[in-house]
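Quick look at what TrEMBL lists:
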- 583-609: compositional bias 'Basic and acidic residues' (COMPBIAS)
- 565-613: region 'Disordered' (REGION)
- 6-27: transmembrane segment (TRANSMEM)
- 48-67: transmembrane segment (TRANSMEM)
- 87-105: transmembrane segment (TRANSMEM)
- 126-151: transmembrane segment (TRANSMEM)
- 157-176: transmembrane segment (TRANSMEM)
- 188-206: transmembrane segment (TRANSMEM)
- 290-312: transmembrane segment (TRANSMEM)
- 400-421: transmembrane segment (TRANSMEM)
- 433-453: transmembrane segment (TRANSMEM)
- 474-499: transmembrane segment (TRANSMEM)
- 522-544: transmembrane segment (TRANSMEM)
- 652-671: transmembrane segment (TRANSMEM)
Amino acid sequence: MAGVQIEVADIVIIVLYFILVLAVGLWSMWRSNRGSVKGYFLAGKNMWWFPVGASLFASNIGSEHFVGLAGTGAAAGIAVGQYEWNSLFIVLLLGWAFVPIYISAGVYTMPEYLTRRFGGQRLRTYLATLSLFLYIFTKISVNMYAGAVFVQQALDWDQYLSIIVLLAVTAVYTILGGLKAVIYTDTFQVVVMVIGGFILMIISFVEVGGMTGLAEKYFAAIPVTNNTALAACGAPKADAFHLFRPADDMHLPWPGALLGITALAIWYWCTDQVIVQRSLSAKNIHHAKAGSIVCGYLKILPVFMMVFPGMISRALYPDEVACVDPAKCMEVCRNPVGCSNIAYPKLVIELMPTGLRGLMLAVMMAALMSSLTSIFNSGSAVFTIDIWKRVRKQASERELMLVGRLLVLVMVGVSIVWIPILQGAKGAQLYQYLQLIQAVIGPPICCCFYWRWPGNGSTNPYRKLQTRIRITTLYLTVPQGTFWGLMAGLAVGLVRLIMEFAYGEPGCGEPDRRPAILSKVHFLHCGIIVFLVTFIVTVVVSLLTEPIPDEKLVGLTWSTMRKEQEKEAVEVPTENSDDIENPDEKNELPDNPEEVEKMEVDEKAGGKQDEDEAPPKWLRVYDFICGTTSSEADQSQQALPSIKEDPFWRRVLNINAIVCVTVAVFLFGFFF
């Protein structure tokens, strides 16, 4: 599909958009404290509810949603909308169940929470490493590829050139400004996305003749081809307008939709650093909950703004969007596997008038940049706090900020290298590729965060067994059980993932010679299996290990969150091969008070000496641009925010949450 001529009005709107984004980013950058870990990665923990909710939505809705949701809707109907509406329930679970625990624990990152909850470092290292892997090979690369597809279709630019251009502006305020700049620009980007998305949705429905016209034209949208086999697999699905599909449906079976998507959503919305970091930046628990409600209402929109327009695009342009002949697909979108990913860009190019076309280009750039900035900031937070600080225990605030900013550049480079692999992934349905990887990797982490064993003091083995069998009442685990459960789940998930890429997906009209585990078991069903394997291994190992007593977990679980006694450090035995922490890595103070006093005097003298030495000129320039100073104090020891709630605002928030859930239930019932 050749690009169209961009008029002066389109260029003016795009340039104006970039100017406004940079203005918002620079304004928030200079107003924020960017020189400390708390200021850079948590926006000083003083964000109010609307930017928090808007940033939650913007961090989730990237360009891959506009391209991927519309593409999957064009190929298979509205069932993919379950990912969006299921998330509405889970984002409320984040605000009401998970965020209070994270606030009570006083953590900055999710791997840090695992260390405080279970002790040791290997769980923390595992989750930090896995998070960075997923950020690069799913979130960042898919976002950049989707944005490049859109710009390529609209402007006929080379994909890699498109990526470089899109990253240029993103890097400025992300690397320099920290989370506060990201959240404020996210809020602006959400306004642009919603306005532009609604305009295209209205124009599309008018063009197709409303919902009735869509139903008639969609089922008739079969691409023209001389190959009978290709024509058969290019036909629309009969249940395209239903959310729930049969259990043996290989697109989105209902058991996978109910259980698999739920486990996936809990991992993504409640334990992933990109999302949780926004809620942790809120002023207090009220603002965190209100942010979840704002995001919940916004999650209603993608089905109408993206999925239905994708179906309309197929109905209006079946030979291009629904092409099945490899030669034709190469001619249309330069991808022999299929062209469903061009559904949304095709609508923009064909239907939007001059000026509004520039607005929609700005919308796609907003979606791309809002997600990328969130991922960059969260990825650098995980690496800096959970990996680098372990390597450099005495690292200064300036060093931590520099490392976090440099990591962004590394993540971008690796992601660009991965993009060619995405071009033929999952039958050209970008969103399906993304969900495949997350569905087999995410459920073990969900299991790890969600369950807990009660710690009791009984020494009666039968009493212990009776207590530990109460797994149906949301209790689990000890450190060893959690770790080996995660390893077992990861192993099963990786086997499925490797097989998916090794065998690939048969093309249209080709026989399916894949093993039954691939051809008969949907990846969401595999996600359920991965969750169960993790759960079973965790329970078995936990039965053989002494649980952590409740008094060691004050403030770290739901049942101990509101206890007032001091939190004690979790101590795990280090006498066998299952030790979680190497005793040589412990950083303990000496027992002799005189030695302690001497250490404190030496530290003060060293600090005074550092302050007396004038930093080099290049370092002063860096400090000015990045907002750091040599005297930034570590703010991690500040008093933890309170999780107490005002009764009036608690009732207001609960009522809004009930309304939000009611709307979601109605939508599920209406499109059942």
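Quick reminder: no glycine exception, Cβ is built from N, Cα and C everywhere.
In this chain, the transmembrane segment (290-312) lies close to the transmembrane segment (188-206): three or more C-beta pairs between them fall below 8 angstroms, excluding pairs fewer than 6 positions apart. Where the transmembrane segment (126-151) meets the stretches 6-27, 48-67, 188-206, 522-544, the count of C-beta pairs under 8 angstroms peaks at 48-67.
The largest share of C-beta pairs under 8 angstroms with the transmembrane segment (6-27) comes from 188-206, of the ranges 48-67, 87-105, 188-206, 433-453, 652-671. Three or more CB pairs closer than 8 A are found between the transmembrane segment (522-544) and the transmembrane segment (433-453), so contact between the two stretches is assigned (pairs 6 or more residues apart). In terms of C-beta pairs under 8 Å, the stretch of 48-67, 87-105, 433-453, 652-671 lying closest in packing to the transmembrane segment (188-206) is 48-67. Segment contact is absent for the transmembrane segment (652-671) and the transmembrane segment (48-67), given fewer than three CB pairs below 8 angstroms at sequence separation of 6 or more. Cβ atoms under 8 Å from those of the transmembrane segment (433-453) belong to residues 64, 68, 83, 98, 110, 114, 123, 127, 130, 134, 137-138, 142, 260, 263-264, 266-268, 270-271, 422, 425-426, 468, 471, 474-478, 482, 485-486, 488-490, 492-494, 496-497, 500, 523-524, 526-528, 530-531, 534-535, 538, 542, 547-548, 557-559 of the same chain, restricted to positions at least 6 beyond its ends.
Residues 87, 91, 139, 142-143, 145-147, 149-150, 182-184, 186-187, 189-190, 193, 197, 274-275, 278-279, 281-283, 286-288, 290-295, 298-299, 302, 306, 341, 343-345, 363-364, 367-368, 370-372, 374-375, 430-431, 434 of the same chain sit 6 or more residues outside the transmembrane segment (48-67) yet have a Cβ under 8 Å from a Cβ within it.
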